[in-house]
Amino acid sequence: VSAARAHILDLASPRRCSQQRMSSVLACLVNLTSVRHSPPRLAGPRLPWTRRQRIVAVCRLLLPLLYFGIGVPFYCSVEGWNVWESLYFLMVTASTVGYGDLSPTTPGSQVFTVFWIFLGIIAVFAQFSALVVIFFKPLFQASRDWLEHRMPQHAIDINGDGHADFKVPLGPVHYFSKNLLMPAAVTVVIQLGCAAVFCALEDCGFGLALYHCLVTATTVGYGDVAITTDGGRMWAFFHIAVSVSLVAAFISDVADLVAARERALQRLNLVRARMDCDLMRSLDVDKQGSVSRYEFVIGML
């Protein structure tokens, strides 16, 4: 960013307004706004983990083991549930789905559950969500790259050097459909597959099972569809972990795409701005008949 700003200052002339110079400055400004909002890239080989990073990694591994390793024996002993009922209850709790079909019945169990809720939400389910995102992210990015190759955006060469300096953002329908096609398709396919498994395990209709899967994935969890078998609870354990994480990542992705499109539209307005001498004169803040390099950069940014 500092190098781009220095280059802009070198190109900005206080008195002359040549078209080639204006195009070069405009290209630098567009690139500067792009760099400002781009994630940092790490170059070279990865450094070995520090002691703090190793401790954090171990804690991330131990906390889920602690959550389930202590929670399962506790509920088996105090509430009389079996292993899969306890695992099912702990996953329903950590994901905030909260069906209500299983609940603590004693004061001691209720106090323990209150503390275990915070541990499950903050430390455990966040790890499940991160793993799900890491697993599906390459697939989503590959689909977006393929669609970009098949339906490329219109590119603009601002300074005439033969290289595209800016890509015109698509309309909202094309933009969101292209970027969300694969995440939406994967989410729907997973819910359809999970519903089919629930049909076999719980002996219910496909429509009711799909309704249950969608209500679960959104963390609403009405609890009107009961899971009564150990096989159903075992499948619900994995369905909740994957579906809730995937839907949360999908919603976050939509917010990121909205912000990215707004930034692209801002850069588009900058590209379409008319670079002429009248514009340069309007940047003359001190009315001395000339535009300094600093007035030009501050006015354009």
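The first residue you see is number 1, and the count goes up from there.
Glycine is treated like the rest: Cβ placed from N, Cα and C.
Record features (TrEMBL):
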- 55-75: transmembrane segment (TRANSMEM)
- 65-135: domain 'Potassium channel' (DOMAIN)
- 81-102: transmembrane segment (TRANSMEM)
- 114-136: transmembrane segment (TRANSMEM)
- 180-201: transmembrane segment (TRANSMEM)
- 186-258: domain 'Potassium channel' (DOMAIN)
- 208-228: transmembrane segment (TRANSMEM)
- 234-259: transmembrane segment (TRANSMEM)
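Per-stretch counts of Cβ pairs under 8 Å to the transmembrane segment (114-136) identify 234-259 as the leading one among 81-102, 180-201, 234-259. The helix, strand and coil residue counts that DSSP assigns across the domain 'Potassium channel' (65-135) are 55 helix, 0 strand, 16 coil. Residue counts for the domain 'Potassium channel' (186-258) under DSSP, helix first, then strand, then coil, are 58 helix, 0 strand, 15 coil.
Note on the domain 'Potassium channel' (186-258): its mean pLDDT in the predicted model is 92.
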